[in-house]
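Visitor: So Swiss-Prot lists these for the protein:
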COMPBIAS  135-153  compositional bias 'Low complexity'
DOMAIN    477-689  domain 'BURP'
CARBOHYD  Asn178  N-linked glycosylation site
CARBOHYD  Asn225  N-linked glycosylation site
CARBOHYD  Asn317  N-linked glycosylation site
CARBOHYD  Asn379  N-linked glycosylation site
CARBOHYD  Asn432  N-linked glycosylation site
CARBOHYD  Asn450  N-linked glycosylation site
CARBOHYD  Asn601  N-linked glycosylation site
REGION    134-163  region 'Disordered'
REGION    201-232  region 'Disordered'
Amino acid sequence: MAPPRHARLVAATIAVLLCHLPRSAASPSWSDAAVSPPSPSPQLCPMMQQRSVLPPRVSELPASPFTAKAAFVRYWNRKVHSNRPHPAFFFAKLSPLSAPDAAAFSTLAAAGQLGSRIRAFCAAASLLCPTTPGSSWSKSSSDGDGAAAAAAPAGGGGGGGGGGDGGAAPFKNYENGNFSSYGNSGGGGADQFAVYSSGQSNGGGGGGGGVDSFRRYGKGSQGRNDSFTSYEAGGNVGTSSFTSYNGDATGGAGGFSSYAGDANTVAVSFGNYDHTGNGRSREFSEYTQDANTGEESFAAYGKTANGAAESFRTYGNHSNSIATGFDNYGDRANGAADAFSSYGASGNTPENTFKSYASGSNAGVDDFKGYRDDANVGNDSFTSYASNANGAAAGFESYGKSVNPGSVTFKGYGLGSNPNHRIGFARYSGDNTTFKAYSNDGVEFKEYQNMSKMEVSKIEAAARRPPLRWSPEPGKFFRERDLVAGNRMPMPDIADRTPPRAFLPRDIAAKIPFDAAAVSALFGAAPGTAMRQVVSSTVAECARPPSRGETKRCATSAEDVVDFAVEMLGDNVVARATESTAGGGGDVRLGRVAGVPAGGNVTRSVSCHQSLFPYLVYYCHSVPTVRVYEADILAVDSNQKINHGVAICHLDTSDWSPNHGAFIALGGKPGEMEVCHWIFQGDMTWTVAN
């Protein structure tokens with residue numbers, strides 16, 4: 001019996017589609033298989049001999065029409081009418097959720113029960129989620145290079161024993177995102193932890209973009225010497241927390257060499273160092289040295305310790321646009337000898353807060369050498385120094401000796417009812433300064449200078465300016481005149497070092513309140529953790545009012561990104577990004593340079609930048625009066641093409657801060673010059689199509 005007419009029509013339609021699919025193009029379900037896709041039969045394709053038909057785009061042929069990715073393909077085709085190929089860099093970020101998973105998680109989100117399956121959700125949707133402590137690492141389970149812990153279940157190893165038998169417990173490398181415990185309750189011997197999350201480019205727990213957590217090191221140990229060499233150094237987007245280091249320890253000596261040094265965009269916290277320790281000498285060498293942008297905090301150092309000799313060498317020095325907070329140093333300690341060498345020195349536009357130093361201590365010898373010296377503008381406050389101390393001998397050498405004026409406040413120095421102390425303050429200087437209160441008994445105040453009342457020439461100020469270690473990387477900003485064929489110029493490292501994540505389908509993203517508390521609760525980001533800081537920072541930036549002439553939106557789904565671009569520019573749009581990271585970190589030569597749209601006229605664009613969040617969130621803003629360029633990037637020695645870059649030139653910089661990195665790198669002032677930069681990996685710019 002002949003098949004029904006509608007069945008014949010369906011079969012004919014399938015045959016035509018197969019004819020239009022070239023042999024080299026495979027659907028996603030075939031691309032993972034070990035066999036080649038079936039070729040259409042010549043008998044089914046008489047029209048192939050008569051005319052050539054453009055093949056459909058691969059992204060239009062998903063394995064299942066019900067997946068989140070397939071739904072977005074249809075959405076794009078309805079909204080964007082520029083008839084351009086789908087941008088591969090953008091479509092690679094789409095949700096990998098299968099149709100059943102997307103439906104199940106959407107139902108849970110609608111019922112407010114997504115948290116009950118959060119681990120499965122994170123894994124299936126390719127999200128960034130805090131790790132959960134797994135099995136403990138011990139000396140017997142590792143050869144010292146971290147291999148055993150790295151192979152432990154997701155969430156990182158513990159370190160319960162840490163060589164509690166009195167021997168040395170070296171631990172050289174650890175690259176996962178969570179470490180529960182190391183060297184607790186050990187007796188005698190020495191602990192050594194060399195490297196934790198050092199400068200990985202990206203991935204789940206690396207210093208390049210991981211969310212690292214170290215919970216406890218050496219708690220309750222007796223007579224053990226310990227050292228921690230490096231924690232999340234050299235990374236990009238450092239997001240880490242260290243909860244406790246040698247709490248309740250007795251005897252021995254401790255050292256922490258470096259924490260989040262040379263990091264970019266930090267959100268780091270250190271909870272407790274040698275809390276209630278007894279008779280220990282310890283040193284913390286560097287904390288977020290040479291960091292660029294972000295927030296950092298240190299909760300307590302040597303609090304309620306007994307007979308301790310403590311030193312903290314540098315905190316946030318040579319950093320750019322860092323908001324720092326140090327809550328507690330040596331408070332209520334007994335017989336302590338404390339030294340803090342430098343805090344926020346040579347920083348650019350810092351926001352520094354130091355809340356308490358040696359308050360309520362007994363018979364302490366305290367020394368603080370420098371706070372925000374040689375810094376450039378910014379706002380700083382120091383709340384309390386040796387307040388309510390008994391028998392204290394304290395010295396504070398320098399506060400607020402800045403290169404350029406900032407707002408600095410010192411609220412209390414040596415205050416309290418007990419006059420049995422000897423305290424000296426060597427120098428307090430700066431513009432816009434206030435010193436609210438200090439004890440009149442037993443306190444020697446040598447010098448207070450208000451720089452606005454002093455005649456300091458620009459030449460003298462420039463002469464004492466230190467080298468700008470926080471200057472932007474060469475090539476990060478440049479002038480429009482540099483975009484000419486044949487020009488040799490430095491290319492910055494444009495690699496995306498944030499952890500890999502995917503968009504959520506809009507159907508799910510819309511059911512998650514874009515609120516710091518709600519997102520943190522859902523993904524298990526506890527207060528005080530790095531993930532909580534990251535979430536709060538992103539939500540706050542999205543809530544910031546736009547600048548003059550700027551229209552901004554935080555897009556929590558791929559559909560939101562498309563909607564904003566179409567709303568700003570119309571439906572004839574194209575998304576562009578720099579093709580790869582080739583050439584970054586060295587000199588390159590420019591090949592063909594072309595303005596987009598054609599002619600390089602002044603235009604309006606939409607730029608979208610990744611924000612650090614559990615799932616992909618883009619900060620998109622419509623920027624008026626720009627020019628956008630495409631350029632072939634060539635190797636200097638061979639003139640061979642190695643990359644294809646996209647650059648944007650901002651023609652109106654009048655609302656930019658005078659301390660913006662572009663003016664530090666190029667000179668000039670806001671409104672007096674244009675500033676250009678490459679579109680970094682992971683970011684994108686939208687313009688009207690040619």
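Note that Cβ sites are derived from N, Cα and C of the backbone, with glycine treated the same way.
Note that the structure is predicted; figures quoted are calculated from it, not measured.
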Visitor: Could you tally the C-beta atoms, other than its own, that fall within 10 angstroms of the C-beta of Asn379 (N-linked glycosylation site)?
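Guide: Taking every protein chain into account, the count is 16.
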Visitor: About how far apart, in whole Å, are the alpha carbons (Cα) of Asn379 (N-linked glycosylation site) and Asn601 (N-linked glycosylation site)?
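Guide: Their Cα atoms are separated by 41 Å.
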Visitor: Quick one: what's DSSP say for Asn601 (N-linked glycosylation site), helix, strand or coil?
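Guide: Once the DSSP labels are grouped into three classes, Asn601 (N-linked glycosylation site) ends up as coil.
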Visitor: Measure from the Cβ of Asn601 (N-linked glycosylation site) and count the other Cβ atoms within 10 Å, all protein chains considered.
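Guide: So the number of other Cβ atoms within 10 Å of Asn601 (N-linked glycosylation site) is 10.
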Visitor: The domain 'BURP' (477-689): mean pLDDT?
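Guide: Here the predicted model's pLDDT, averaged over the domain 'BURP' (477-689), is 94.
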